[in-house]
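One structure below.
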Amino acid sequence: MVALTLGRSALSLSLYMSKPPGMSVLLLFFTTLGFSFRFVTPSAEDHRYNVGDHVSLFVNKVGPLNNPSETYHYYDLPFCRPDQVIRRKASLGEVLNGDCLTNALYELKFREDKIGETLCQKKLKGDEVAKFRSAVSNDFYFQMYYDDLPLWGFIGKVEDENWTINENGPKYYLFKHVQFDALYNGNQIIEIRAFSDPNHVVDITEDVDISVKFTYSIFWKETSTQFENRMDKYSRASLLPTHQQIRWFSFFNSVVIIVLLMGLLTMIFMRHLKNDLRKFSGGDEEEDKEVGWKYIHGDVFRYPPCMSLFCAVLGTGTQLLIQAAFLFVLALLGVLYPYNRGALCTSLVVTYTLTSVVAGYTASSFYNQFVETGWKRSVLLSGTLYLGPLFVMVSILNAVAVSYGATAALPFGTIVVILLIYTFVTIPLLGLGGVIGYRLRSEFQAPCATKRCPREIPPLAWYRKTPGQMFLGGLLPFSAIVLELHHLYASLWGYKIWTLPGILFIMFIILVLLTAMLSIGLTYVQLSVEDHEWWWRSLLRGGSTAIFMFGHCIYFYARSRMSGFMQFSFYFGYNACICYAVFLMLGTISFRTSLMFVRLIYRAVKSE
């Protein structure tokens, strides 16, 4: 969520790289979560070193620059490796994020400069040279962590201008020297950067055995930056003044447009509604005929078909909405920030698990307002409505990642842990919420009695039917957030990090308000033409913004430099899951506000 532009030169790289159980099971679960939330932000007592102290450097992964989802283990390439490769124990979120921290041969002691230190002397065979050349041609980078600070560098470079008389084509060079520049304040490390020196390269154009001496240097300099502010560098790395002004301008422009549209909609809507209510109170039969929504008072509160599915949508949408609120709180409190390895993935798992009780309660309580039996089916549907498609999608993507040998492939143990969490925590909490909703059930209080036989709906123009209303209900909210949505996609799938979670939160609130206002207005238009089947339609037109979002996904991919089947499948697979979640959230908001509005106007008619 913070914004780091990728600046490439021959020397540097920056880029962005998510019955209740027994007491023993609960204890195991929350203990696991405790270890999973090992946030990277150090405490004041940690990360203090004396001159000459050893500071561990961990190598993480490598991957093509343009495909952020396609990453591989660092030692999948024939780099210098220690005799015993030891992987650092990863949290659940780090595994889900594809992180794999491993020890390395680099000896970077605190405040000790080194120049031209030999890492290893390695004889590269022809197939190993081919591996490096393939990585260089695909613009591979490497990522490391030093004192929990991320750093990157390029593996090599391509020179297209080296033409000779006998052969044509580019030359491929492997960087064999890495220079580290580290900053310190007192006895704490503040910053570190890696530079791949273009003056120390080896030609790997041909598949021939070569001997390479890999070296490194490190230089220490003092800085006045405080330890508590050392992560701010990653938040400001690409926040150039011009780009920042453009983003603020687009944000305020969106806010002004939305406020004007909402004001115009409110003024027109309230004016017509007051006229309708005035006609009712006047008792003029001629004028009374002009108002269509009065005549369907006996049908407007008739619950829709597929009630179990409808309640499951409300339950899941409410759960996802509360989960989003929790994530915004964590981001605003500073718990979620760039390069806090696995924190976002861990937060997603924990918040979804704990909010399952909300889904069960919402689905059960709403269903029991109309029907006393069959509520268990709605609770079961709410537990699988989102997780079911998500599980299928993740299984497919995991198979793709396994076939590529990428770090995104989930280990068998992690899959077992997730299944255990779902079985012993999520399902019991879901059932608990359903039982509470059943026990606290109440009858649906409709202002008007519902007739036994539904009233016939008159023929409607195309723009008054469901597709037309979905188009109108989704286009306006999407047009208000499209600029910030583009920045968010650049953060998720590009080389920027979202720097202002507050702006994202405000835009989300605006999206919710605009969805609610449009839902009320379109519901009023629908009832005015004596169309009483508004329940499902209000949900669909509210969630239709997600359809426009997925359309923007296609546009973003077409304009990007992403390539390959793995990146293609991960990009569209996870974006489909995100858009589906937005559909459920906004659909729930749309229906709830429409229901409040319908209750209000028919209660006002009854009081007249």
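Glycine residues also receive a Cβ, built from the backbone N, Cα and C atoms like all the rest.
Keep in mind it's a predicted model, so treat the numbers as computed, not measured.
The feature transmembrane segment is assigned by TrEMBL to 248-270 (among others).
Marked as transmembrane segment by TrEMBL: 309-337 (among others).
Sequence-distant neighbours of the transmembrane segment (349-367) (same chain, 6+ residues past either end, Cβ-Cβ under 8 Å): 33, 36-37, 92-93, 96, 307-308, 311-312, 314-316, 318-319, 322-323, 326-327, 374-375, 378-379, 381-383, 418, 421-422, 425-427, 429-438, 440-442. Among the features that TrEMBL reports, transmembrane segment is placed at 349-367 (among others).
Listed as Cβ neighbours of the transmembrane segment (379-402) (distance under 8 Å, sequence separation of 6 or more from its ends, same chain) are residues 308-309, 311-313, 315-316, 319-320, 356, 359-360, 362-364, 408-410, 422, 426-427, 430-431, 433-434, 437, 565-566, 569-570, 573-574, 576-577, 580-581, 584. Per TrEMBL, the feature transmembrane segment maps to 379-402 (among others).
What TrEMBL lists as transmembrane segment is 408-432 (among others).
Among the features that TrEMBL reports, transmembrane segment is placed at 470-490 (among others).
Counting same-chain residues at least six beyond the ends of the transmembrane segment (502-527), those with a Cβ under 8 angstroms from any Cβ of the stretch are 1, 247, 251, 254-255, 258, 261-262, 265-266, 269, 272-273, 292-293, 296, 300, 324, 328, 331-332, 464, 469, 472-473, 476-477, 480-481, 484, 488, 534, 537-538, 541-542, 545, 586, 589-591, 593-594, 597-598, 601. Here TrEMBL flags 502-527 (among others) as transmembrane segment.
Per TrEMBL, the feature transmembrane segment maps to 539-558 (among others).
Under the heading transmembrane segment, TrEMBL lists 570-591 (among others).
Against the transmembrane segment (309-337), stretch 570-591 has more CB pairs under 8 A than any other of 408-432, 470-490, 539-558, 570-591.
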